[in-house]
């Protein structure tokens, strides 16, 4: 099935992947060139894993997971497969985020630095908790065939909205974290004097904002939405589905459309029956 505005979509997709990849590369250059590198010894080298893993997992990989349904060459794949890929990418991001949290708490505890005192830490930990809850609810409600269709229909709008809200909040948390780190690291040299590290890392922040904007634009265009799957679910009197149908590829808009057509046909039959009765009475 052809996608409307395919060239525009492809251009934005390539741009998003390029900017996201550059964000990861810039983060690595920042910690390797300006912040002395990476390690796992309770020093600043261990802390440096925090920005690297956060940008890689929480920003870059999460963004890809959000738009994976929009890729037109996957539209012929089963909905179950795409849900598994979607959940898998989010799981990889969650693992990287947890390691990133361990690194920063371990670093703070090793140097007796207070934890959870800044706005960045408050927003960051809150969005991590929400992200984990979003992932778990998504797996149990949409991926595993346990939840009833009515529950999925009720939760789906919340799932979509909260996913975008979490992604936007993640970008805000990353920007506050980058700024906070620069204030601490460049306090002696003067952040306000435009040092090379400050300019470079500010550019990293702009790349993350652009990446987020591209992801938001791609995922909110209705013409680039995955096509509805006709007859993906046939409801049976016992509440089950037709054998062979994809239980997870639920298309509630199609169900609603079918119900509307059924109601229209029923109304038309009643109208014809009334006309026939009137004709019979007139000839009696």
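Glycine is treated like the rest: Cβ placed from N, Cα and C.
Positions annotated as compositional bias 'Polar residues' by TrEMBL: 256-266.
The domain 'Cytochrome b561' feature in TrEMBL is assigned to 15-220.
Residues or ranges marked as region 'Disordered' in TrEMBL: 256-284.
Through the fold, the transmembrane segment (12-32) approaches residues 38, 48, 51-52, 55-56, 59-60, 63-64, 67, 70-71, 197, 200-201, 203-204, 207-208, 210-211, 214-215, 217-218 of its own chain, all at least 6 residues removed from its boundaries and within a Cβ separation under 8 Å. Positions annotated as transmembrane segment by TrEMBL: 12-32 (among others).
Through the fold, the transmembrane segment (52-73) approaches residues 1-3, 6, 9, 13, 16-17, 20-21, 23-24, 27-28, 31, 38, 82, 85-86, 89-90, 92-97, 99-100, 103, 131, 163-164, 167, 170-171, 174, 177, 208, 211-212, 215, 218-219, 224-226 of its own chain, all at least 6 residues removed from its boundaries and within a Cβ separation under 8 Å. Positions annotated as transmembrane segment by TrEMBL: 52-73 (among others).
According to TrEMBL, the transmembrane segment annotation covers 85-105 (among others).
If one looks beyond the transmembrane segment (125-146) by at least 6 residues along the same chain, the residues whose Cβ comes under 8 Å of a Cβ in the stretch are 58, 62, 83-84, 87, 90-91, 93-94, 97, 101, 116, 152, 155-156, 159, 162-163, 166, 169-170, 173, 247-248. Sequence annotations record features per position, and here TrEMBL assigns transmembrane segment to 125-146 (among others).
Proximity of distant same-chain residues to the transmembrane segment (158-179), defined by a Cβ-Cβ separation under 8 Å and at least 6 residues beyond the stretch ends, is recorded for 50-51, 54-55, 58-59, 62-63, 66, 119-120, 123-124, 126-127, 130-131, 134, 137-138, 141-142, 201, 204-205, 208-209, 212, 215-216, 219-220. According to TrEMBL, the feature transmembrane segment maps to 158-179 (among others).
The transmembrane segment annotation in TrEMBL covers 199-219 (among others).
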